[in-house]
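Noted in Swiss-Prot for the protein shown:
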- SER59, TYR128: Fe-coproporphyrin III binding site (BINDING)
- HIS191, GLU286: Fe(2+) binding site (BINDING)
Amino acid sequence: MSDLRDPAPYDALLLLSFGGPEGPDDVVPFLANVTRGRGIPEERLKEVGQHYFLFGGVSPINEQNRALLGALRKDFADHGLDLPVYWGNRNWAPYLTDVLREMTTDGHRRIAVLATSAYASYSGCRQYRENLAESLAALEAEGLEVPRVDKLRHYFNHPGFVAPMVDGVLASLADLPEDVRAGAHLAFTTHSIPTSAADASGPVEAHGEGGAYVAEHLDVARLIVDAVRAETGIEYPWRLVYQSRSGAPHIPWLEPDICDHLETLGAEGVPAVVMAPIGFVSDHMEVLYDLDTEATAKAAEIGLPVRRSATVGDDPRFAAAVRDLLLERAATERGRAVERCALGSLGPSHDLCPVGCCPARAPKPAAAGADSPYV
């Protein structure tokens, strides 16, 4: 095997995701896991769970992750990469601690981790690292030999992540009626987070209004707009907007909300909109409910034609990007200088989260960072 195709020192890859219910009886326990420590009563969890009950109590994220797991295994096998791929979740089965225990008993000692979150933020990165540290501490308490885990860098601007989204936007534009297509507006959506969390996202030097979270999304949106212009010859107007807000109404979150944005566009006479969920790797419940159900209903109410572009999901180009990220990090860990693939103005993200990156309100141990107790 070529040195640059060698996964060493890694002996396994962990696909780490959020998790979701697989049936109606799972919904409230799942939401209790998501909100643990906040003292939210069960009746309120049942209210929040209505989004899931509309879809039979099943989150689409699990099937999406199974498909991505299969795509990764196929890509690795097709390219002669003999590396097992496991899947674990933060909030539902297969639980992270159980999967790390399985990996440890299977003999794996150096594990690369791919989180299904492409951008910098507390909830999209450090919280995953905190959960990894909690699970490693649990294994240590059981007397098991604790493996080293390394989280692969943020991939928001990797060509294998961006290209499928470009194709999705182009397909959605082509699906619009011809008489409104050229005048369409592109609404790039991502999960809203508190403005304080956005401002503190990424390394300390990126902190400020919007932080790395907003800057990274804007960079991806510009990449897509440029690629669409190159393909169509049209400079489509666009904006980064937000969705899926939760929490107390008095706490500022990133705005505008997608539904408010659609109302504004309708009032301005915009003839059509493509909603592009660039903040989501796959069709989460936030995509199926907040965009396909709620935002689409709002657009119909005001007579605005909309299309929702596809997420990356298990696109073979994304699976290849994961392989590239893995081999890049492996070579770096072996002391090799390698090309780090990235598009846009921000360049490739860091391998090791520095101290102060995406800080938590209450400091907790986090794995796979410069401040990690597990190295």
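Placed from the backbone N, Cα and C atoms, the Cβ positions cover glycine too.
Structure coloured by features recorded in Swiss-Prot.
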residue : record                             : DSSP class
SER59   : Fe-coproporphyrin III binding site : coil
TYR128  : Fe-coproporphyrin III binding site : helix
HIS191  : Fe(2+) binding site                : strand
GLU286  : Fe(2+) binding site                : helix
Neighbourhood of SER59 (Fe-coproporphyrin III binding site), C-beta criterion under 8 angstroms, separation at least six: GLY19, GLY20, PRO21, GLU22, PHE30, TYR52, HIS284, MET285
Under 8 Å by Cβ from GLU286 (Fe(2+) binding site), same chain, sequence gap 6 or more: HIS191, GLN243, SER244, PHE280
